[in-house]
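Only one structure is covered here, and it is reproduced in the block below.
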Ligand code: BG6
């Protein structure tokens, strides 16, 4: 008998489910390009019925879905959503879940672990009581572990139960439109690909600035910090796409092969005081569930060196922080100045909130003058309503890919392992040297020490 596919969310009453997963399922339901969206089982500890859950979920979907909300479309999705109440940290309760699935005729599973990684092993142990669970697929939210050793342990647990090619590690930045666009911009345009190296580029800056603070996630964030929360995963994914050699094809497997070579070529700096700055926003220690003496960083800036023929000697600067003056994610490529006194060409790939490409170059000032000024070409992709409506959001894209069995736009274990290794080492060096976590003002551009990091090389952040 052909068993029906079931999409189960552990952490069904959490923020991620309401803000991202349910709206993504709605968008999949509503879009023309249909993937098969199966029945959905949401698991939570709270005392809801499927009916009350659907009513509550409706509000979130209406608020956060990309596509226009239509009652009829939502109802089609809602009637396939079932709420199952259990304590997923109690392995004894999984026998009941097994019976529930049997009654539904389920057997073909996708499990989504939208919970903190410390619960992953418990859920895997519990699922041993669920018939056929080991043949299912599993989607794991980041962070994948808390450091290299816990990530490796987690990976062993996962691979001892699920087939390695059924494990989907989400890095939602890989689902963002302009992150996917980077390799096309690079390789489909000889005006860029022919000069994409240390000989022609002065520096590359990758920034992920956020206006929000830790909000309700203080408990998780205080054990994590910017290096683990953003740099180890999202920013290293982008860095490696920017720095990799041209893959043999556009297939993502080929891209991964090139990305991992970049990660392996990343040099751990001898003197970390010249290569990393950590900061914390003023008032962070008063946030709910944060230690009153916390030294967790909410800001990190790094100068990175990729030791290969293309990039040797050219700095990559990476920065990310919370409670900054603006929300902006971009990759700025600053080319070498063609002659003393002339401004650099700058290519800026804007990832969010605006999606687009900005290019700065030199022209003659109009009129009877030889003065040189900068022309600024600014292509805004997301300014078009049609583009916005046609661009799936990251989670929608990645959930659809998982349902279709496409693993390529997910993090691979060797990437996770190599980037943890790097981040663990630099953190340890920073700590050993007793370097400070600089306090910065909310709404500012981050600690001044991060400007000095570039200043020493004669550079400044491109804003
Ligand atoms: C998450 C981090 O992975 O990414 C959050 O845990 C961060 O701390 C978020 O705020 C940023 O995502 P986006 O899509 O808003 O850039």
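Cβ from N, Cα, C; glycine included.
The domain 'Glucose-6-phosphate dehydrogenase NAD-binding' annotation in TrEMBL covers 9-181.
On its own chain, residue 142 (NADP(+) binding site) has 169, 170, 171, 233, 411 as residues at least 6 apart in sequence with a Cβ closer than 8 Å to its own Cβ. Annotated NADP(+) binding site per TrEMBL: 45, 87, 88, 142, in sequence order.
DSSP gives residue 176 (substrate binding site) a coil state; it is part of no helix or strand. Sequence-distant neighbours of residue 176 (substrate binding site) (same chain, six or more apart, CB under 8 Å from its CB) are 351, 352, 394, listed in sequence order. If you look up TrEMBL, you'll see 172, 176, 210, 229, 322 marked as substrate binding site.
Here TrEMBL flags 184-461 as domain 'Glucose-6-phosphate dehydrogenase C-terminal'.
Residue 234 (active site, proton acceptor): 21 other CB atoms within 10 A of its CB, across all protein chains. Per TrEMBL, the feature active site, proton acceptor maps to 234.
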Entries of 45, 87, 88, 176, 229, 322 (binding-site residues) sitting next to ligand 1, with Cβ under 6 Å as the cut-off: 229
CB within-chain contacts under 8 A for residue 88 (NADP(+) binding site), separation at least 6: 10, 43, 45, 115, 119, 122, 123, 126
Position of peak Cβ density within 10 Å, selected from the binding-site residues 45, 322: 322
Integer Å distance between the CA atoms belonging to residue 87 (NADP(+) binding site) and residue 172 (substrate binding site): 27
Inter-residue Cα distance where the pair is residue 322 (substrate binding site) and residue 234 (active site, proton acceptor), in Å: 15
List of residues, in chain order, with Cβ under 8 A from that of residue 229 (substrate binding site) and at least 6 apart: 143, 221
C-beta crowding around residue 172 (substrate binding site), within 10 angstroms: 19
